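Marked as active site, nucleophile by TrEMBL: Glu294. Per TrEMBL, the feature UDP-N-acetyl-alpha-D-galactosamine binding site maps to Phe112, Ala113, Ile114, Tyr117, Asp202, Val203, Asp204. If you look up TrEMBL, you'll see Asp202, Asp204 marked as Mn(2+) binding site.
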Amino acid sequence: MRCSWGLGRCGWLRVQGTLLGFSGAASVLFYLSCPEAIFSHWGLLKCFQGSSMLEPVGQMVYGQPKVLTPCRSDVLVLTPWLAPVVWEGTFNTDVLNEQFRLWNATIGLTVFAIRKYMVFLELFLQTAEKYFMVGHRVTYYVFTDRPADVPHVPLREGRRVEVLKVPGALSWQEVSMHRMEMISNFSQQRFLHEVDYLVCMDVDMKFCDHVGVEILSPLFGTLHPSFYGAAREAFTYECRPQSQAYIPRDEGHFYYAGGFFGGSVVEVLQLTTACHQAMVVDQANGLEAVWHDESHLNRYLLDHKPTKVLSPEYLWDRQKLGWPPVMKKLRFVAVPKGHLDIRGS
């Protein structure tokens, strides 16, 4: 059977676990570019007719990507290690949403609202409900020393807030230094058993546009908005060789922001554990990396290349950086703090 070349047509096939030796409700998805042709050629429909183990799911119609016409010619869309760099225009939201709905994935989002940073949480959650992973299951993990002050924000179906109490005597520097440790500990205790992906974000931000499953990958980092166009000599890596976060001047591809990273829970557990252990070594040697956990994150992502890199669309400060033409959308932006003495309290 001939496939149409004018419009892309695809189908997804879910094969239940027992067919391939898995147990429980586990399933494997196969992408079928022309499902009728494959079924006809292999005789799969006849082989598995009446079997609950074979479940054809969904077909879509969408515009064909043009091989000879790049989706973006003004920005880098692929790293030297072949990881996608995600910009507006490089992905099809409908195709990705269908794929992840079939996987029935649950996304966890960690955010720290400690001391006066609690003031940012309500807007963060309100805008997340409008723009973050719409149509997918989400658990917001709120780390806070003020559980009673966590706002009650109306949530979509399949989404919930989990409050995780942490010590309240932490300064913002201590929060920065202990964030990796806390995410690591809770990943082992809970997140591994509750969610499939973990997204770690700063709370003093708001969502302004779609942030969806296009970001998900085994391990992803986000280009820092202040350095995405800079030469590596300008990157604020830790420059002391004695530190575990040290990166030599002639190394490093990008400078990643500490305010937005994530991946599968297993990968995030490995990242946060490694960064925490590196900080412990530094502390024992009387050292503190120049940008705390962000410095260690950059060291880790140099040694363990991310499988996806998010453009600065996903972490931006419009007040400081404006809105340059290369940014087709601003998705997650800093909230103006005005006169608030947040870090000093």
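Cβ coordinates are placed from backbone N, Cα and C, and glycine is handled just like the others.
Secondary structure from DSSP puts Tyr117 (UDP-N-acetyl-alpha-D-galactosamine binding site) in a helix. Each residue contributes its Cα atom, and for Asp204 (UDP-N-acetyl-alpha-D-galactosamine binding site) and Glu294 (active site, nucleophile) these two points are 16 Å apart. Comparing the Cα of the residue listed as 'active site, nucleophile' with the Cα of every entry in Ala113, Tyr117, Asp202, these being the binding-site residues, the smallest distance points to Asp202.
Other than Phe112, Ala113, Ile114, Tyr117, Asp202, Val203, Asp204, the residues of this chain whose Cβ falls within 8 Å of the Cβ centroid of the UDP-N-acetyl-alpha-D-galactosamine site are, in sequence order, Val111, Met118, Phe120, Leu121, Val175. DSSP assigns Glu294 (active site, nucleophile) to a helix. Under DSSP, Asp202 (UDP-N-acetyl-alpha-D-galactosamine binding site) is assigned to coil, being neither helix nor strand in the three-state scheme. Within the same chain, residues at least 6 positions away in sequence whose Cβ sits under 8 Å from that of Val203 (UDP-N-acetyl-alpha-D-galactosamine binding site) are Val111, Phe112, Ala113, Tyr117, Phe120, Leu121, Phe124. Cβ neighbour density within 10 Å is lowest for Tyr117 among the binding-site residues Phe112, Tyr117. Counted over every protein chain shown, other Cβ atoms within 10 Å are most numerous around Ala113 among the binding-site residues Ala113, Ile114.
Pairwise Cα distances among Phe112, Ala113, Ile114, Tyr117, Asp202, Val203, Asp204, the recorded UDP-N-acetyl-alpha-D-galactosamine-binding residues, top out at 11 Å.
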